[in-house]
Amino acid sequence: MRAVHFGAGNIGRGFIGSLLAASGYDVVFVDVNEQIVRLLKERGEYRVIVAGEQREEQWVRGVSALNSQTEREKVIEVIADADLVTTAVGPPILPAIAPVVAAGLQRRFAIQQKPLHVIACENMIAGTEALKQHVLAHLSEAEQQLASEHVGFLNCAVDRIVPNQTNDDPLAVTVEPFFEWAIEARNVIGTVPPIQGAHFVADLGPYIERKLFTVNTGHALAAYLGYLRNYKTVQEAMNDEGIRLNVEQALSESGAVLVKKHGWSEKEHHAYIDTTIGRFMNPSLSDDILRVARSPIRKLGPNDRLVAPAVQYCALFGKVPHGLAKGIAALLRFDDSRDAEAAALQQTIAQHGIEGALRQYAGLESAHPLVAAVREEYDQMDENKRL
């Protein structure tokens, strides 16, 4: 079996590529980083360090690589013969790889019609569907019909902390022990592709929301509260009992929303929350607070990690979630001048107040009870950024 994976960065090597290799695929990485591509070609293997209570080294073998800029024809050839195509390139790059994926499908349709599955492993909702639309734009009507019959575009949700890192060996990558790869099965063509460690589900929606309202919510809260106390990493922030209790309160609130909406076991979801808290406190990882906190305007969105669970909590339970409100207030205090969104957010607050910022970016009218709660928490965080 052969898998073509776009993106030989830390997530590509440390998460997706390692699972595919363990599943028996010959993995061909496709990237533009000439050093990484060259080393993968020369060595055919790399090291993954799993940073748990005890560090474990895993060797990923039987891999190769191609440069998508200088070896485009070879990339087309391997797609034409592949069993699986995956990506971990970042959402903005999906349109850039679509032309070569489309060319690979065109070559494939000319020589064979065996099923191919495409899975975009990106930190976005419906990432594979987005890639599919970009690819279809480069195909004729007849080729689009062939794609609908022989290519399964499978949406997925991925979760593994792979922190920013610098290693002596450019191919080595450190990851946390926990991972989740949930793949929606509805568009499978023929048989489900064998992927060790992944699980196929009928409806991906609840899994995406569980991660967004737990992992992303908690991560953001720890970062914004940690920033106010001048911590450098999420791990440092989570060792502050006050911050940890704030995060636990917010995740209890977002968890109540999930349990109510999806009919889940409260006990099982609280175990998931406990696991998530443990991941944030992993002393073997160093998760930079400025990296986690960046792009606050996006994270203040009405469908994102803080406002969405808070608004739904208000609607479901008729009261304000004070833990989530404190997280939103801390986000509004994030003023790192190196972050363009943080600078724009602070300018909006200076001109229109936090009510104006919440209206513009979170879609919250001033009369919404959450706004008053956020204002109260915000005012308690003075200009010296004390909690």
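Yeah, the Cβs are placed from backbone N, Cα and C, and that goes for glycine too.
Sequence-distant contacts of ILE11 (NAD(+) binding site), defined as residues of its own chain at least six apart whose C-beta falls under 8 angstroms from its C-beta, comprise ALA88, CYS121, ARG160, VAL162. DSSP classifies ILE11 (NAD(+) binding site) as helix under the three-state reduction. Look at Swiss-Prot and you will find ALA3, VAL4, HIS5, PHE6, GLY7, ALA8, GLY9, ASN10, ILE11, GLY12, ARG13, GLY14 tagged as NAD(+) binding site, backed by sequence analysis.
By neighbour count, meaning other C-beta atoms within 10 Å, the densest spot among the binding-site residues GLY7, GLY9 is GLY7. Proximity of HIS5 (NAD(+) binding site) to non-local residues of its own chain (separation of 6 or more, Cβ distance below 8 Å) is seen for GLY12, ILE16, GLY17, LEU20, VAL27, VAL28, PHE29, VAL30, VAL85, THR86, THR87, ALA88, given in sequence order.
Sequence-distant contacts (6 or more apart, same chain, Cβ under 8 Å) of ARG13 (NAD(+) binding site) comprise PHE29, TYR46, VAL48, VAL60, LEU171, VAL173.
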